[in-house]
C-alpha cells in the first residue's frame, strides 16, 4: 500500500514538472516568440495584438497561474492556424493514434511472444536461428522504407489495402504492420534472453526436482518471472507509440498526433505544439506509471520495499 | 543387510568434453545417511544431479546404472522419471535464497509439490500446513501466505525441506544444504534433518565439502576427487584412520586450536583438468608420496579395513606396511611473542555506524539500522584480533568504518594516537598507506581489465610511492614472489588464476604500500579448505616476517582458534565477549559465545555431542530487542535481562563479557 501511494505521488510530482516545462517551452524560443510565430516582416500592431491574446505581455508568474488554471479547466488555448480549441484538435487526433498504437503493440506481442519463447526453448537450434534472423532483419529495416514497400506491394500491386488515410479497419493494417515489425523484433529478443536467464535459475531446477513437467515449469515458474523485464520494455515502447509515430503517420497520411505535431511545427502554431507536447508527455507518464503499478502487482519483492 | 535402497554403478557423466563423473559406484541402505565428500569441482554435485537426471543442458550421462529399489532410473522415460522425482527421490539445494520461486507464495509452492504426487486434490491446504509444522516453521498459516523474500535463509531451507517431503520420498539428496547458512542456523537445519529421518526412515545422500558436518551426521561416506571416488568407509573408520593421501591431507589442512603455531598441511597445485584421459592416479601431481607406478598405472581398489575401501597404490601388497605411515610432521613455525604488552596500534572506542531507513515520497527518516552500535577494540602491533560473528552482526561494517571506507556515526578510531574518525579524504590519505584491506571474494575484488601488475601497483601510484610504471611493475613482481607466486604473473589478467592464487594477488596488493595493519574480511570463506590452508599459512608467515597486525573478520571459529591472538564476538552490532583466544574459546562465559562454539561441527565423530541449540533467527538490527540483545534467544535468560543492556564485566585482566549472569572478578 505504501509503495502504491509512493508511486502515485511520484507520478503526480512528474506531472507538475512536465506541465511547467511545457509552459516554459514558449519562452525558450530564441528571440521574441511572437515574431517567430508571425514570421519576419509582420506589422507591430499584429504582433502586439497576438502578444496580448496569448497573454505574453503579463508577468511570468501570472501567466503560469493562468496556464495552470486553464489546464485544470482542460483549456489549452486556441490554435493560431485554425482558430479552434487546442483540446478539440488534440482529441480528434488522439483516437487514431491510440488505435494505431494498440494495433501495432498487439501485433508485436502476438508475434514476438511465441517467437521469443520458441527460440529460448530451442536455444542454438534452427528455430532459434531463424527466429533471431528475422528479428535482426525486423530491427534493421527503417520505417520510412518498410512503409512505402508495404504500400507498393499490398496496395499498388495486390490492391488489398488502401494506399493511405484512415478509412475502415483495413487501412489500419499497413501502418500497424510497419510500426509493429521493429517492435516485435526487439521484443522477441528480450523475451528470448529473459526466458533463457530464468530457465537457468535455481528455482526452475527446484520445480523440476519436484517432478513438474516442462509445460508446468514454463507456465507456472519460468514465464511469470521472465515477464518482468519484458514488461518494462513494453511500457516504454507503448509510451513512445502513443507519442505518435511521426514517420509512419506521415508516410500513411494517418491523422494522428504524430502528423499533428509535424503540421503544427510547420505552421508555427505554438499553442498547438505546446498542447501536443503536453499530451505526448502525459501519455508517456501514464503508461509508465501503469507499468510500475503492474510491476507492483506481479513482483512481491518490490511491494514490500 | 537387506537389498540396498540405492545402487549406483559405473556412473559416468560428461559436460562438454569434461568427464566430471567417472565410474562412480555407491550403495545406500534404507534410513541411512551417506555423505559424498569433496572440494569444489570434484563432481559431487554432478553425481547428485545425474541421479535426479537434472543435469544442465550440456550435461550427458554416458554410462552406468542408478537403481532405486532395483529399478534403473537411467532406463526410465522422462515422463516416468517425473513420477520418481519429488515422490521417491527428492532433492534440496545449496542456495535456499535462489531456489524458491520469488513470485509464488510459500504455500502455493509446497501445494504444487503435494498436488504433483498426491492422487486426490483433497486436503492439500491441510497437508501444506502439516508439512510446514513438520519442518518447525512457527505460525504456518501466516508463513504459507508469504513470499520467499519475507523469510530468512534458514526458514527458506526449511521450506525447501517441506517441499521435498511433500511426496514422502524414500531418499533425500541434500546438496550442501547448510553451506549458505550461519552455524547456529546450520545446527538447526541439520538437527531437523536428523529428526525427520528418525521419524520416517528416510535415507539421506548428503553432498558436502564440510568434514565437520560429515562427522556429525553421516554413518558412511565416500571421498570424491577429480570425478571419481577415491575412498569409502564408515564415518568412524574414516576419521580414525583416513586411508587415501588426499583424505589425510584434507583433514590435516583443517585449522584447529591444537595446530596453533604449526603450519597447516596445504595441498599444493590444483585439481587436474577433466577433459583428458588419465593413465595413472588423478592425485599423483599433488601427492607427497607418489611413486613411479602412480603415474603409469590406474590404482586398484584395496580394502583398508572392514567396509573401508581405498583406491591407492600405497595399499598394493608389496607396500601395504608403509601405507599407514604418517607424513613427516610439519615443521613447527615459531610463535611470535611480539606485541602482547605493547601499546595498541589501533584503538577503537565506542564505534557506531547507523544507517537511516527512508520511507515515503519525501524519503523521511523513519528509523536507524544500528549496524555497529558501540564497539571498542584494541589491536596491538604484530597481533591478530579476530572479529567473529554471524551474518548481519555488523563485523564487516565495523571493519570498513575503521578504515573510513564508511563514515562512522560516532566513536573514535585512534591509529598511533591520531584520530581517524571524521578525517577528510585528503588528510586520511597519509594513513591509507598504513591501513589496508583484503576482501572476501577474490573474483570480484579485482578489475578484470587490469593486468595483475597494475592491480598491485595502483596503490603505489595513488600514494605517489612509485612514479613510473616499470618501477611499479618491478615492485609488483617482488611482492608476487613474497606471496608465493611467480613474478611473471604481472603481465597476466586476474581471470587466468584460480581462487587461491587471486587471493594471493589481493594480499600482494594490500602489501604493496608496506602497511602495518591489514583488515582481512573473510579472506578464506570463498575458498576450499586445502586452499584456505595455503592462505592462512601465508598470512601467518607474513605476520612473522613483516610484523603485521591483522583485524581478521570471520564467521569461522576454527580459523579464529588457529590464527588469532585475541577475539571479539559480535552479536547485533555489539561485542558481547572479548579476550585472548584461549580464554574466550576454551572458557567462554557469554551464552551466545557458548552456543556459537557448540554449533560448530567438529571433524571428529568421537567428539562429545553438542548441548546448546539456539532457536529462531537473529533479530533485525533496526529493532534490536530491549535490554540484552540476545535475551530472546538465550537459553539462560532471566526477566532482568530485558531491562538494560548489560555493562561489560571483567573476568580477567584481558577477558570482558557483557552478561549479567557473569560475576565480575573480585
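Backbone N, Cα and C atoms are what each Cβ position is placed from, and that goes for glycine too.
Per TrEMBL, domain 'ABC transmembrane type-1' is recorded for A:94-291.
Summarising the annotation, TrEMBL assigns transmembrane segment to A:12-29 (among others). Sequence-remote contacts of a segment are chain residues at least 6 beyond its ends whose Cβ falls under 8 Å from one of its Cβ atoms, and for the transmembrane segment (A:12-29) they are 36, 56, 60, 63-64, 67-68, 71, 270, 273-274, 277-278, 281-282, 285.
Cβ atoms under 8 Å from those of the transmembrane segment (A:100-121) belong to residues 127-128, 131-132, 134-135, 172, 175-177, 179-181, 183-185, 187-193, 195-196, 199, 218, 223, 234, 237-238, 241-242, 245, 248-249, 254, 256 of the same chain, restricted to positions at least 6 beyond its ends. Per TrEMBL, the feature transmembrane segment maps to A:100-121 (among others).
Per TrEMBL, transmembrane segment is recorded for A:133-158 (among others).
The feature transmembrane segment is assigned by TrEMBL to A:170-188 (among others).
Under the heading transmembrane segment, TrEMBL lists A:226-252 (among others). Sequence-distant neighbours of the transmembrane segment (A:226-252) (same chain, 6+ residues past either end, Cβ-Cβ under 8 Å): 93, 97-98, 100-101, 104-105, 108-109, 143-144, 147-148, 151, 164-165, 174-175, 178-179, 183, 186-187, 190-191, 194-195, 197-198, 258-262, 276, 280, 283-284, 287-288, 290-291, 294-295, 298-299.
For A:272-298 (among others), the entry in TrEMBL reads transmembrane segment.
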(message) Quick test of the contact rule: Cβ under 8 Å, at least six residues beyond the ends. What residues does that give for the transmembrane segment (A:272-298)?
(response) 3-4, 7-8, 11, 14-15, 18-19, 22-23, 25-26, 76-77, 79-81, 86-87, 89-90, 94, 224, 227-228, 231-232, 234-236, 238-240, 242-244, 257, 260-261, 264-265
